[in-house]
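*Asks:* Structure incoming, see below.
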């Protein structure tokens, strides 16, 4: 299906787009658009692992403010800006080099679905874990991450039903806020997050309120409105309600299972291993959404239950019934490694199949030679 996206965000249209149009002129024409997409993703990963190295359990900012060096925050601002820029110009560059393909679209959205959680997980190091005085609790982190992923899911569920991707306003705003937050932290130190800034509220409170407000009162209603409008215009892709809501089944079941584990875990797994658990949430979500994106692009029906729900249900049952006992953390670590490996494997396989099918290389503009 032909790719179509609509961007109505004033920040994007009036401020960011003119900047991207200048930056794109610097990109040599022989560079493949997918290389831009992938470079941005690699920068996000490098930044995430760098922060993890200094702050594995999200306590550095709250307990020992100088633990993460200033250059790391400045580097975070730089990599976030680069990733944001590369993600914004890859499509323009594809049109410029006349190399727009379904592979490029899937590559872009697939990596975005994973990057979304990594952005959030990196940001948690800035505001740190709750230490009794300041910071956010690990449960707030989990809810925060879930809301961001829910937003991402909504825009692709909407595209599955309408055929048009309405770019969520939250995207540009969140990227600009992230970059500003890192710069602020680099300039003033993490202490800036630990002092009330208005009426006894902390900046983190304001951000959480903004995020929830944006999701529940702007993004989600907009999604429903766009689907409703397509229904009135008779342009919906799926006739039945069942077909329309099918892509939501797996992500919602995934969320239910994970939440049950978080709430009922005997060893309080989220508090013990927040970084592992939240990473696993992000990867599992990305894999579920990638399948929805593929169905939406190929006009096929999504499977009712994603394969990962079965092993996850077993693990959750074993954990909350006390069967796992003291091995719960080890099992989480193994599960996280397996899910990450499976997701990477899935991405590589789909990329290979598409590049063979479309007779193109993923990271080069040269055509494949027909055997």
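Glycine residues also receive a Cβ, built from the backbone N, Cα and C atoms like all the rest.
I grabbed these lines from TrEMBL:
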TRANSMEM  26-50  transmembrane segment
TRANSMEM  70-86  transmembrane segment
TRANSMEM  136-154  transmembrane segment
TRANSMEM  166-187  transmembrane segment
TRANSMEM  199-220  transmembrane segment
TRANSMEM  241-264  transmembrane segment
TRANSMEM  276-294  transmembrane segment
TRANSMEM  306-324  transmembrane segment
TRANSMEM  330-350  transmembrane segment
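Could you give the neighbours, burial and distances for every feature on this list?
*Replies:* Panel annotation: around the transmembrane segment (136-154), residues 58, 112-113, 116-117, 120-121, 124, 127-130, 168, 170, 174, 204, 208, 211-212, 214-215, 219-220, 223, 248, 251, 255, 259, 262, 270-271, 274, 277-278, 281-282, 285, 289, 292 of the same chain, lying at least six beyond its termini, place a Cβ under 8 Å from a Cβ of the stretch.
Same-chain neighbours of the transmembrane segment (199-220): 127, 134-136, 140, 144, 147-148, 150-151, 154-155, 168-170, 173, 177, 192-193, counting only residues six or more beyond its ends whose CB sits under 8 Å from a CB of the stretch.
Outside the transmembrane segment (241-264), and at least 6 residues removed from its termini, the chain residues within Cβ reach (under 8 Å) are 139, 142, 146, 149-150, 153, 156-157, 160-161, 227, 270, 277, 281, 284-285, 288-289, 291-292, 295-296, 301-306, 308-309, 312-313, 315-316, 319-320.
Packing against the transmembrane segment (306-324) from elsewhere in the chain are residues 250, 253-254, 257-258, 260-261, 264-266, 269, 284, 287-288, 291, 331, 335, 339, 342: each is 6 or more residues past its ends and has a CB under 8 Å from a CB in it.
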*Asks:* Under an 8 Å Cβ to Cβ limit, what residues of the same chain, 6 or more beyond the ends of the transmembrane segment (166-187), are close to it?
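*Replies:* Same-chain contacts beyond the flanks: 5-9, 11-12, 16, 70-71, 73-74, 76-77, 80-81, 84, 119, 123, 126, 148, 151-152, 154-155, 158-159, 193, 207, 211, 214-215, 218-219, 222-223, 226.
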